[in-house]
């Protein structure tokens, strides 16, 4: 959809005189129930999985099997290790996968416990499946239930031809391909309606009082019916009744059995094995109070999300109905005539019905529909934290040996969830906007996500012991603040990319879907690596490289070895565990492709300038690499340069030698070169800056990697390594060596580019303001092109092919790291 259409967000309080513009704007606006419905499913699934695992372990036969198997395996593993262990946690704390002997113990322990744990996980999975099957059944049966309960009868065409004709005209006005089935509620005197049904056939209930209004108040009748038809136009009917079904299924299949277990644990068994037992609140008050608090707070969150879906769909339908009606004057009159809700204004967050004042304000200003709802971001963080805890608990019971892998896998869905919901909310709020939004729109959502995740992730899974103690330990001041700040930084970087992409084209579902998918796919592995490394305590741990051999006595040479050979777990994950090349490619290629659909009166992003900056930066890196080769040939003694250890010594972690230091020095130069390219691109561009920065560093990275062949050739020609028989010729390097170098350089360059981009963006803004004040013109003059020149397209295609090749070649290394 073209950006030449009407703006997505009309100004607050502006009169809506153009009905066509209002309808188009509303049709492009995603219904806010999508984010809320996703939160409902995730939160319900996370807490339900925990409850089903706890219920399974509370069945006497199943619990005894789990405990007996675990204790037997722990005892046998302790015998293999030659040291006694009190329990599973004690044994796991004393083992290290890095030690060969401990690795064998972990492998045996996993093989021993695996069958019992798989039965445990399968039991919880069957419970979760039963919950969703019950929800699907409730959803499928709701139409006949509503018809039977309200004794609805179909409207007769022969008896009410005028009424049927008017209803069908309203259906066409609402843009429906076919009219719904019209049903009469003869015993209801209210003047309202209700739309329901499945995707197979939708039906609309018309109360007897509403049919009477058809004669007495035709405009009011039309306004009410258009409101109901607006639900069909917004496609929220199925989502609404699915929400009702999910809530009821959650209560019946998860909460009620949990309450029964709390009151009478002896009833958690087959009926013929029921027996009286002491309530858990009496026998184990501390842990039981924690479980009750956890389940009650999560159930309250799900209940609030459920009611928020109902409120959101109503205000969306009001705005759509007012737009379809014309001037939007009749529907407010109908709403004002409705009785006020029985609840107080401050309790509307718990009510399924929106406050009349909110409905009237939305009709007057439909732009309210696109605003970021911060509680959704808090809920997304809470749901993601709960999901991470639940998946981590479930995966860890079957992956004891690969605990780091289990932690990373458990965080992938949470990262995708938070990034996707953040993208959906920000895109809805900023699509097509001409000005950068205020701090409330770009700072607050990321902050609320971070706070919500920290709280949700601090909740231990239901059924674990010492829940209150773990909850308190999770909120140590320094750790909590560091986690929130790191999540906030990551969220703000993603926010900048989302807003930059959303401003290119006015609201378009295809662009919105692309933005959400790219944000989720690229953020999920990054988040999982950070989560796993942070849990292990290695995120902030930077270990300098060891002294070189030979040459440790040379102070500057030893310092160079420390700098070039440093290690960090998070950086290692970015270099090996994440397809960094693929992430960088999608983050700049997607927005550039989208920009081709923008309005003709908007300048195209200057991708040629970004590639030129990257190309120049890459050439500078190559030149510096060649100069570095000559420099090290002159300052490093020949004996130190000529030492090359055997492959066995290299694999066993021998001290760094000259060839390794020389290679990684070039990587450091390339890292600085990519940061320079990012800074220069930030200064000379404004539109689509994040994507152009990534394109620039991609270009610079490719040139730097290809230029490594020239540095090797120079090294051989000047006999840098002091080896006999060295010939002046170009080396034969494998494709894998180029692609692995590209992944490392891009990973490090990306980290260095972040602060460089932020600083350069501020400098660029100051320069543009200064230029505007002095000369009345901006630095970047728009060039209204409808397409890029052919040579630009060819260069972009070559860069894309190079990065795709690197992604394919690096897949085995990425998989090995994760496993």
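Placed from the backbone N, Cα and C atoms, the Cβ positions cover glycine too.
Note that the structure is a prediction, hence the values are computed from the model and not measured.
The feature domain 'Peptidase M48' is assigned by TrEMBL to 166-365. The transmembrane segment feature in TrEMBL is assigned to 34-56, 245-268, 406-429, 441-459, 471-499, 511-533, 570-589, 610-632, 665-684, 691-710, 745-767, 788-811 (among others).
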Long-range Cβ contacts under 8 Å made by the transmembrane segment (570-589), restricted to residues 6 or more beyond its ends, are 408, 497, 518, 521-522, 525-526, 529-530, 532-533, 538-539, 690-692, 694-695, 697-698, 739, 742-744, 746-748, 750-751, 800, 803-804, 806-807, 810-811, 813-814, 817-818
Among 34-56, 245-268, 665-684, 691-710, the most Cβ pairs under 8 Å with the transmembrane segment (745-767) come from 665-684
Across 34-56, 406-429, 610-632, 665-684, the most C-beta pairs under 8 Å with the transmembrane segment (788-811) come from 610-632
Per the Cβ under 8 Å criterion, with at least 6 residues separating them from its ends, the transmembrane segment (34-56) contacts 62, 120-121, 123-125, 127-128, 131, 239, 242-243, 246-247, 250, 253-255, 257-258, 261, 268, 291, 294-295, 298-299, 301-302, 305-306, 308-309, 312, 376, 379-380, 382-384, 386-387, 389-390, 393-394, 417, 420-421, 424-425, 461-463
Residues outside the transmembrane segment (691-710) whose C-beta sits under 8 Å from one of its C-beta atoms, at least 6 past its ends, are 497, 500-501, 584-585, 587-588, 590-592, 605-607, 609-611, 613-615, 617-619, 621-622, 625-626, 666, 670, 673-674, 677-678, 680-682, 685, 730-731, 733, 738, 741-742, 745-746, 749-750, 753, 757, 799, 802-803
Across the domain 'Peptidase M48' (166-365), the model's average pLDDT, rounded to a whole number, is 85
